[in-house]
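In case it helps, TrEMBL gives these features for our protein:
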| type | residues | note |
| --- | --- | --- |
| DOMAIN | 41-287 | domain 'G-protein coupled receptors family 1 profile' |
| TRANSMEM | 25-47 | transmembrane segment |
| TRANSMEM | 59-78 | transmembrane segment |
| TRANSMEM | 98-120 | transmembrane segment |
| TRANSMEM | 140-158 | transmembrane segment |
| TRANSMEM | 205-225 | transmembrane segment |
| TRANSMEM | 237-259 | transmembrane segment |
| TRANSMEM | 271-289 | transmembrane segment |
Amino acid sequence: MALGNFSQVTEFILLGLSDTRELQILFFTFFLLAYAMVLLGNLLVIVTVRTDPKLSSPMYLLLCNLSFIDICCTSVTSPRMLVDLLSQRKAIAFEDCIAQLFFLHFVGASEMFLLTVMAYDRYTAICKPLRYTAIMSQQVCWVLVSACWAGGFIHSTVQTLLIVQLPFCGPNTIDNYFCDVPPVIQLACTDIYVTEWLMASNSGLISLVCFLVLVTSYMFILVTIRVHFTEGHWKVLSTCASHMMVVILFFVPCIFIYLRPFSTFPSDKHISVIYTVFSPVMNPLIYTLRNSEVKASMWKL
C-alpha cells in the first residue's frame, strides 16, 4: 500500500448508524432533507452576501466564509452516509478513508477558528464600537480568515501523518458512519498509547481552547451590556444567547469525543451527528436569518 506502514488492510467496513432496514430508510430521508437544507440555506447566504454591496462589512465576510465551511463540512460525510444507508455492504477504501478524515478535520478545525474570530468581531463591535472600523478592517479580516484556513490545514496534516504511519492488519470494522480519528486508530496493530494522547492533545485542546475563548468573549459582551444597558441591547442579548446555543452544539460534542484517550471510552457515533449534521443546519438559521439586513437582502434577491 502507498499509505500506511506495512498495512495489510485495503478497505474499512462502516457499520453506520443502524443495521435495521426500516431505520436506515428513515435515516436516509431525514439526512437527505438535512443535507438539502444545508446546501440551499448556505448557498443562499453566500449569494446574498456576494451580490449585495451593502453587505460588505467584515461581519458579513465572516458569515459568508462560515456558510462555505458548513457546505464543505457536511459534504465530507453526508453524501457517503446517504449512499451507505441504501447499500448492503458499506465499504470504504483505505485511501478514501484517510482522505475523508483529512478533509473533515481540515474544515472542522477551520470552522472552530472562524467561530472564534466571529466572536472577537462581535466583541469588538459591541464593546469597542468607536474603534471597530480601525480594528476590524477588510485587510485584517482577510488575514484572520486566511489564518483560520491555514490553522485547519496544519491541524489536519498533523492528524493524518500520525495515522498513516500506523500499521493496519485487521480487523477493519469501524463502528461509525464515517472515518474519524478515534475509531480508526483503535484498529492499528500496535500500541497507540502515545499516538492517541498526541491526537487528543491536538484535537481536544483546540476544541477546548476555542470554546473557552468564545465563552470569555460573550461574557465580556454581557458585562458591557449590563453596565451600559439600553433597550436596544435586548436584541444583542437575544443574539448572543442564540449564538451560544450553536456554539455549544458544535463544541461540546467535539470536546467530549476528542479530549480523552480514545481507547478509554467507545466513540459515540450518535453524538457525531450533532456537529456533522445539526450544526451546519443551524448556523444559517441562527447567524444569518436573525439578521434583519440579510433577510431584507434575501427578499430583494
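Keep in mind that glycine also has a Cβ here, set from the backbone N, Cα and C atoms.
The shown structure was predicted, so the numbers you read here are calculated from the model rather than taken from an experiment.
Give me the local environment of each listed feature.
Same-chain residues lying 6 or more positions outside the transmembrane segment (25-47) and placing a CB less than 8 Å from one of its CB atoms are 17-18, 63-64, 67-68, 70-71, 74, 78-79, 81-82, 85-86, 277-278, 280-281, 283-285, 288, 294, 298, 301.
Away from its own ends, the transmembrane segment (98-120) comes close to residues 3, 59, 62-63, 65-66, 69-70, 72-73, 76-77, 80, 92, 144-145, 147-149, 151-153, 155-157, 159-160, 163-164, 178-181, 184, 203, 206-207, 210, 213-214, 217-218, 243, 247, 250-251, 254, 275-276, 287 of its chain (Cβ-Cβ under 8 Å, at least six residues beyond either end).
Among residues of the same chain six or more beyond the transmembrane segment (140-158), those with a C-beta under 8 A of the stretch's C-beta atoms are 58, 61-62, 65, 102-103, 105-114, 117, 121, 202-203, 206.
Same-chain residues lying 6 or more positions outside the transmembrane segment (205-225) and placing a CB less than 8 Å from one of its CB atoms are 109, 112-113, 115-116, 119-120, 122-123, 126-127, 155, 233, 236-237, 240, 243-244, 247, 251-252, 254-255, 258-259.
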